[in-house]
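As recorded in TrEMBL, the features of this protein are as follows:
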TRANSMEM  38-56  transmembrane segment
TRANSMEM  68-87  transmembrane segment
TRANSMEM  94-111  transmembrane segment
TRANSMEM  117-137  transmembrane segment
TRANSMEM  149-167  transmembrane segment
TRANSMEM  179-200  transmembrane segment
Amino acid sequence: MMETWRKKAGVAWEKAKRSPALACRKMWRVGKDDPRRAIHAVKVGLALTLVSMLYLLEPLFEGIGQNAIWAVMTVVVVLEFTAGATLCKGLNRGLGTILAGSLAFLIEFIAEATGQVGRAIFIGCAVFIIGAAATYLRFLPYVKKNYDYGVVIFLLTFNLITVSSFRVSNVMRIAHERFVTIAIGCGICLFMSLLVFPIWSGQDLHNSTVNKLQGLANSIEGNAREESDDEEKSCDEDPIYKGYKAVLDSKSTDETLALYASWEPRHSRHCRYPWQQYVKVGAALRRFSYTVVALHGCLQTEIQVN
């Protein structure tokens, strides 16, 4: 029994000793596969450092106060890998905040005309109606696709301001500070995404389509000469499998990149691609890849029809 435990402890110790080296190699491989990941990590770190100055510098902290945390939260949730994703989230967050603040102040203006009890009932009813209506809007396909994050921010901001106004007298000042800090956070995110080594969703979508075409062509070429190759390969090593698998798994990525690309401004003279046409090309490639899958399966089966 003790010998078994010693062996297990020895194996665990060997794995523990190899773990740092394995982790370093894996991190290096991730950056080597796409160096833009390292650039994005540096951009996020720099953005968080800049927005933290609202807390670290005394004059800025005195002007904004504890609401500076909203700027930090905005940078964390808005700054995405590509410029299109950042624009989509940033504009959604800004639009949701403005609409929610405006509606909350309208509700507060109407509620002030009633008594204390009537004000509480009116605010409760408004929260229920607006919350239910906004949540129902999220089920609409167009809203779900383009403005889902904005609706979530609208719900969050509306409820925070409306409910807080019942107990806090200076709710206008709190809302103004939060709006300013969110605007600062979004501004930093947009600056980092659009002006500091920008990464474009449209370019990624274009390159992805080219790679899928090349991979599918390689799969077809590999099927044509597979009969003369007797070497058996696993699915993970088979280049034919890798070629058509990348096409079959691309639907969600294509749609997401096309959506984010539609938010991006024109950044070069070649930026006139119809992004939704790329989605249609991807769908056509997936239909064709099913034929490649069937052909590959027929060539690999042990029972051949003469």
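For all residues, glycine too, the Cβ spot is worked out from N, Cα and C.
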Considering only the recorded stretches 38-56, 94-111, 149-167, 179-200, state which has the highest number of Cβ pairs under 8 Å to the transmembrane segment (117-137).
149-167
For the transmembrane segment (38-56) and the transmembrane segment (149-167), decide whether they are in contact, meaning at least 3 CB pairs lie under 8 A, counting pairs 6 or more apart in sequence.
no
So which residues does the transmembrane segment (179-200) touch in its own chain, when a touch means Cβ under 8 Å and the partner is 6 or more beyond its ends?
36, 39-40, 43-44, 46-47, 50-51, 54, 64, 67-75, 78-84, 86-87, 90, 93-94, 97-98, 101, 261, 264-265, 267
